Amino acid sequence: MTITESPESLTSSSDDNSNLRRRRSGGAKAVEDVTESDSSSAMEASSSSDDVTGDVGDGKFSDGNEIQEEKVENEEQRKATETTPLKYVYRASAPAHRRIKESPLSSAAIFKQSHAGLLNLCVVVLIAVNSRLIIENLMKYGLLIGSGFWFSSTSLRDWPLLLCCLSLPIFPLAAFLVEKLAQKKYMTERVVVTLHIIITTAAILYPVMVILRCDSAFLAGVTLMLFACVVWMKLVSYAHTSYDMRRLAESVDKGENSDINYSYDVSFKSLAYFMVAPTLCYQLSYPRTACIRKGWLTRQLIKLVIFTGFMGFIIEQYINPIVQNSQHPLKGDLLYAIERVLRLSLPNLYVWLCMFYCLFHLWLNILAELLRFGDREFYKDWWNAKTIDEYWRLWNMPVHKWMVRHIYFPCLRNGIPKGVAMLISFFVSAVFHELCIAVPCRLFKFWAFLGIMFQIPLVILTNFLQNKFKNSNVGNMTFWCFFCILGQPMCVLLYYHDVMNRKGTAS
């Protein structure tokens, strides 16, 4: 029952009505008993619902616990209303306003409400608006996507890149042999470290040389460089972890850590599983799931095909025409360059989000399901990041864990200050971002490197904004603006025009 009289008012009203009926007709006692029985049930329902409401004059707005109590109260009132006779519900004399409350969209209550309905509205509007834009684009330009996106004219000449990719497992095998010899103490620690440096360096330089010597497609070059960087990071983790395990085993043998029961083992099976597992941090064993869910795996594969096709459609239908009809963003009219960047930002954002979903959610989960890999925290809620450094800690968990384990904390343990350790981490990330883009483009302008290093002043800026405007979304909006609306479209335009200028000069 939503609004009823208080128990005292109902009791007095019921007694007065009973006395009046007795004075008017003394022979209707049975009817009065029935009436009093119904009135008492109404009073009980009203009392059970009104006792929870609290004081009217306390002058305080509802907090989180009171909102939960109000939900319970509303449920009890609903049940009471269903069981109470209709003539005792919503009496005109019952008070309609019983406590102080805020409007749901006021500043004091907006964050205590659920906005799922508004989110659904935004999704519906987003789908409707973009569907109209897609239809308008198709009516105006026709279907622009072709086989060139998937198979370029130079795809048949990309076989050296395929052979290079297939031959990369030679380097993990060499690293395993080095560790096996180190376990048997056939070589000194200095020789082991030197050999690992040679192996990891060759693992990254070999694909770079193959790409630069072959006239391959951009997509094939990026794929090979990403695969080579993953192999390099895994080899570094394997060498660093094995070195640490050897040191720990030696300390146990010397009795320095007698309370630790530890044994060092070089296992080819562990290394082979690590090289294909969706992680960059080596360890002897990983959490494993009980079985492979075939139905779930099939659904993820279907999603992967759909979203990959959607990415190709956006690139061919929207991004390529915008980029081809643009000019170099650092040359010519400034307003025109800003208009091109903003026009490119929306389709570029869609492609980036689809790439994240396909790679970090679908592909890594598919790989983890096939290998029964248990730890599937490949990302966290980076979209809620209020600072740039928080974003980098949340969006790519495999790389973040590798950086923390093999770069950041080793720097701290060697006495390097936190700021310098963070600078070194960003420098390593910037180098590999530049390799993954500049090598396939055969163009070293260091735009990707500068873009990653520019994150450091953005970290300082967003941390300042977050500290100045506490409990606000200023930092989150700054992150979205600089990272997705301005930064990525600018890099796309810079690399495209530099590549086109290089090809024009070469021809």
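Every residue, even glycine, has its Cβ placed from backbone N, Cα and C.
In TrEMBL, annotation is done automatically, which means it is predicted and not curated.
Copied over from TrEMBL, here are the features:
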type	residues	note
COMPBIAS	1-17	compositional bias 'Low complexity'
REGION	1-80	region 'Disordered'
COMPBIAS	37-55	compositional bias 'Low complexity'
COMPBIAS	57-80	compositional bias 'Basic and acidic residues'
TRANSMEM	116-135	transmembrane segment
TRANSMEM	159-178	transmembrane segment
TRANSMEM	190-212	transmembrane segment
TRANSMEM	218-237	transmembrane segment
TRANSMEM	301-319	transmembrane segment
TRANSMEM	349-371	transmembrane segment
TRANSMEM	420-440	transmembrane segment
ACT_SITE	His433	active site
TRANSMEM	446-465	transmembrane segment
TRANSMEM	477-497	transmembrane segment
For the transmembrane segment (190-212), distant same-chain residues with Cβ under 8 A (at least six beyond the ends):
160-161, 164-165, 168, 171, 174-175, 178-179, 181-182, 221, 224-225, 227-229, 231-232, 235-236, 239, 243, 435, 439-440, 442
If one takes Cβ-Cβ under 8 Å and requires six or more residues beyond its ends, the residues near the transmembrane segment (159-178) are 187, 192, 195-196, 199-200, 202-203, 206-207, 210-211, 213-214, 216, 220-221, 223-224, 227-228, 231, 234-235, 238-239, 266, 268, 271, 275
Can you name the residues of this chain that are 6 or more positions from His433 (active site) yet have a C-beta less than 8 Å from its C-beta?
Ala448, Phe449, Gly451, Ile452
Are there three or more C-beta pairs under 8 angstroms joining the transmembrane segment (477-497) and the transmembrane segment (349-371), sequence spacing 6 or more?
yes
Under an 8 Å Cβ to Cβ limit, what residues of the same chain, 6 or more beyond the ends of the transmembrane segment (477-497), are close to it?
319, 323, 326-330, 337, 340-342, 344-345, 348-349, 352, 385-388, 391, 437, 441, 443, 445, 447-448, 451, 454, 458, 461-462, 465
Spatial neighbours of the transmembrane segment (116-135) far in sequence, C-beta under 8 Å, 6+ residues away
317
